[in-house]
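Asker: Structure in structure tokens, see below.
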Amino acid sequence: MTGWRIGMAVGNADMIKALFQIKANLDSAPERAILVAVELKGRDEMWTLEDTLGELRHLTESAGAEVVGTLFQKSERLTPTYIGKGKLDELRDLIKELSADVVVFDDELTPTQQRNLEAGLSPKGAPMYGERGEIKVIDRTALILDVFGRHASTYEGKLQVELAQHEYLLPRLAGQWSHLERLGGGIGTRGPGETQIETDRRLVRRRLQKIKSDLDGVRRRRTQHMDRRKKSAIPMATLVGYTNAGKSTMFNALVQTGNSGDASLAANQLFSTLDPVTRRIRLPSGAPLLLSDTVGFIQKLSPKVITAFRATLEELDRADVLLHVIDVSHPKAPEQTEVVEQTLDELGLGDRPRLLVINKMDLLTDSATSGGELAQVRELSLGAGWEKDAADGVLVSAEKGWNLDHLLSEIENQLVNIDGPLLMTEEYAGGWR
């Protein structure tokens, strides 16, 4: 898991890099993490405390840590230390009992909450940053950014992760040099601390300007590329969905069915696809289609993170139709669907034509086959509370290759309804490379 805090000995020039550098010693034991969540009373939440802690566990394990304990509280409001005083004492005891070295909180902490927790959980007399014995405080946003950082492979992806990390870091810099106040107190300590904070903020702002400038260049090149696609008049469909819903597996299956080229990374982990991937495939009529795979969504995703990934999400804005992939086998599938729809609304894509792709139907029955037992699968989806979605969407299994030809036909029908009959001449098909 990324080290979000560093020791006082690290110099200015190296501080920003060290803050987000993943531990390099692969032979060392994984960090031992305790998960903490608060359920606010009276708030109508789609997710139970057990649901959100389960997802937080998956995120934490994706970041390379071992979950050794959990702590939760039901409260009227969040406190300056996120949890109440009694729970904070209980957390200290749990950290000692389980020999934990990192605490992961289920919400994005305010800078004040983070500073208070770091001060309250670190052993008395121990340096707060960079030494053995420190208690690392991580919130949900920092955790997601850590997972993003592990999966970013392209120049654009790495830039977007770094932008989100620095946007997250900037308001939290005040705590980085609070250790100076403990060096002796009084005269001669406050000034250097404040000076260092301003220096670090200036470094972060300067780096932010550089990243944004580089991303603008990426966007210009992407816009030129997309303009070439638009001139070719080849329609585009983009896969969207909750993280780990099977989008990349769906992408690979459709690419193979549509007789195209390279596949995308598909793995049973959160955010396995961070960088957008586009391939040209053929629809049943022979007309070409550009199929794109993008990063998945998740609940409690910070607006700053969404903004930082604007370049990637532009693939959604250029799509003629969105293919909303749903993991029907997941117990929180309706809630995950709602999160994706809300995020699309926030991105201004609520009115974009979309096709619901109900995936992983093979996990609901062992008897369905590609030969046509899908009627039984449809009945199972109805029994699971998917009446409307099963009627409007397409039931498929990307893993087993079930019903993918029908999905391609439905995509083509959607495109015909939007723009009329599709062209399929060789000149048309070869208009984009």
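Any Cβ shown, glycine's included, is placed from N, Cα and C.
Below, the features straight out of TrEMBL:
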- 235-419: domain 'Hflx-type G' (DOMAIN)
- 241-248, 271-275, 293-296, 359-362: GTP binding site (BINDING)
- SER248, THR273: Mg(2+) binding site (BINDING)
Asker: Per 10 Å Cβ neighbour count, which of the binding-site residues LYS247, LYS360 ranks highest?
Answerer: LYS247
Asker: Using a 10 Å cut-off, grab the number of neighbouring Cβ atoms around the Cβ of SER248 (Mg(2+) binding site), all chains included.
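Answerer: By my count, 22.
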Asker: Can you grab the distance from SER248 (Mg(2+) binding site) over to GLY241 (GTP binding site)? Cα atoms, rounded to a whole Å.
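Answerer: Cα-Cα, rounded: 10 Å.
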Asker: What residue among the binding-site residues ASN244, VAL295 has the most other CB atoms lying within 10 A of its CB?
Answerer: VAL295
Asker: CB neighbours of GLY241 (GTP binding site) within 10 A?
Answerer: 25
